[in-house]
Amino acid sequence: MEHIISGVAKFQKDVFPAKKEAFQKLANGQNPEVLFITCADSRIDPNLVTQTEPGELFICRNAGNIVPPHSNQTGGMTASIEFAVAALGVTHIIICGHSDCGAMKGAINTEGLASLPHVKEWLGHSRVATEVVKEKCGCSSLTHEEHLGLVTEENVIQQLQHIKTHPAVAAKIATDQIKLHGWVYDFESAEIKTYDEATREFKPVKDTYEETIAKEEQ
Ligand SMILES: [Zn+2]
């Protein structure tokens, strides 16, 4: 914990003064372009991976980057999504899974979750992903890594479906005001694979956003 406290002190002494103007602008309001939904895993830093600054990403995190389908029961995800979309007016939603995800391992092996009843129930929102992979590939033919990778991808696809059931999101999609993106981040290579709805495949980030990345490399 000590290094966290000294981090706060360092931030206040060195970092904040250097970016004072930017922080002052943000002091009274935010106008993020993107709602970024990812796993609570400590190894993902959305701002680091996307090289963005405070104020640019509205971030929602939970175990498994799950978006429960809309219901009349209010939860933290439902309220945060509604706020980001209807009040802040984000124009993009990124749902980002990741390699070596503990939540996805739990979704594959729910018997191992007997002592974690809430985790088990929460991961019920990922059940479609495990079922789809089972049907498509037959789990026995896959290595553990392959199985986990496919479930992680399928989970992102499933959560993209779920978010479309939220009324505020559905309204913006219907009027072309919002774009959805499904990503999977790999810790080992820093590769981000992105979901292509037309082909139902994940492909490298540079293929999906070719023009933008070409501009960056010039
Ligand atoms: Zn995770």
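Cβ coordinates are placed from backbone N, Cα and C, and glycine is handled just like the others.
Over in TrEMBL, the protein carries these features:
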- Cys39, Asp41, His98, Cys101: Zn(2+) binding site (BINDING)
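Each of the binding-site residues Cys39, Cys101 was scored by the number of other CB atoms within 10 Å of its CB, and the largest score is that of Cys101. Residues Thr38, Ala40, Arg43, Ile44, Gly64, Asn65, Gly97, Ser99, Asp100, Gly102, Ala103, Met104, Tyr185 surround the recorded Zn(2+) site, their Cβ atoms falling within 8 Å of the Cβ centroid of Cys39, Asp41, His98, Cys101, which are themselves excluded. Taking the Cβ of Asp41 (Zn(2+) binding site) as centre and 10 Å as the limit, one finds 19 other Cβ atoms among all the protein chains shown. Around His98 (Zn(2+) binding site), the same-chain residues at least 6 positions away in sequence with a Cβ under 8 Å from its Cβ are Thr38, Cys39, Asp41, Arg43, Ile44, Asn65, Thr152, Val184, Tyr185, Asp186, Phe187.
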